[in-house]
Amino acid sequence: MTMATLSSAFLFILSCFLACSISVSGRPSTFLEDFRITWSDSHIKQIDGGRAIQLILDQNSGCGFASKRQYLFGRVSMKIKLIPGDSAGTVTAFYMNSDTDTVRDELDFEFLGNRTGQPYTVQTNIYAHGKGDREQRVNLWFDPAADFHTYTIMWNHHHIVFYVDEVPIRVYKNNEAKNIPYPKFQPMGVYSTLWEADDWATRGGLEKIDWSKAPFLAYYKDFDIEGCPVPGPANCASNPRNWWEGTAYQALNAMEARRYRWVRMNHMIYDYCTDKSRYPVTPPECMAGI
């Protein structure tokens with residue numbers, strides 16, 4: 001191979017690399033680089049030069065923040081340390097939302113507060129083409145208030161996976177071929193809120209918030225968004241070379257599948273798929289497997 005051929009090949013590879021790199025957003029160095037406060041800036045405090053934040057809930061207000069941009073496919077993760085002690089009636093939410101009124105897409109993590117000594121429950125929900133009511137609840141197998149843990153949403157053309165650390169707790173397959181809605185047309189922003197919801201959050205609203213325990217504090221760090229920003233390169237979302245579309249991410253691997261089954265067998269406490277009072281006929285997506 002001649003030097004000219006090598007040079008041409010190098011330039012081609014470099015151009016491909018640059019084209020791919022501008023289509024993917026990476027981890028911000030500080031909170032305000034990729035996010036903005038959307039609700040009660042007095043209740044969100046930056047820590048460690050903005051590399052971490054504290055969310056505060058008291059009788060005056062909760063709080064919330066959102067990404068500055070929307071994304072179409074990719075992976076979003078955050079490390080969160082939840083409210084310690086008696087957190088009954090509180091909800092700490094981390095989710096993606098298309099911010100469209102009627103035909104919204106949404107992918108939810110909601111951490112439901114508990115009485116001291118009781119397990120923390122994480123509720124996941126999925127809205128696709130405006131249809132939601134797909135709740136699943138899992139009791140976490142560790143104390144999420146004792147330290148930071150990583151919560152991740154993986155979203156590609158093949159499936160949506162919710163992870164707690166490296167453990168998949170929820171899988172929603174793309175089964176458009178069976179006329180099952182799948183979010184793939186609308187970009188979504190990344191959101192988080194801390195708020196009071198004692199009419200439903202803990203034991204269906206039986207356990208009320210104890211304001212004598214306020215302020216309630218949650219902590220976030222390591223904000224990681226890797227996806228196709230919108231607005232951005234027009235062909236990014238359909239690019240099969242995006243790493244999250246790779247073969248390794250199109251289905252759970254054997255280890256992930258074992259962990260997923262372990263969670264469902266040992267820690268799942270509610271699944272809309274098996275709730276015959278709400279769904280006498282099993283929803284079709286529940287038959288899809290992983």
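All residue numbers here begin at 1 and follow the chain in the order shown.
From the backbone N, Cα and C atoms, a Cβ is placed for every residue, glycine too.
Feature list (source: TrEMBL):
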- 1-26: signal peptide (SIGNAL)
- 22-220: domain 'GH16' (DOMAIN)
- GLU106: active site, nucleophile (ACT_SITE)
- GLU110: active site, proton donor (ACT_SITE)
- ASN114: N-linked glycosylation site (CARBOHYD)
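When averaged over the domain 'GH16' (22-220), pLDDT in the model lands at 93. Within 10 Å of the C-beta atom of the residue listed as 'active site, proton donor' sit 19 other C-beta atoms, taking all shown protein chains into account. Neighbour list (the residue listed as 'active site, nucleophile', Cβ cut-off 8 Å, at least 6 residues apart, same chain): TYR95, MET96, ASN97, SER98, ASN125, ILE126, TYR127, GLY132, MET188.
Counting only same-chain residues at least 6 apart in sequence, those with a Cβ under 8 Å from the Cβ of ASN114 (N-linked glycosylation site) are ASP86, SER87, ALA88, TYR120, THR121, THR202, GLU207.
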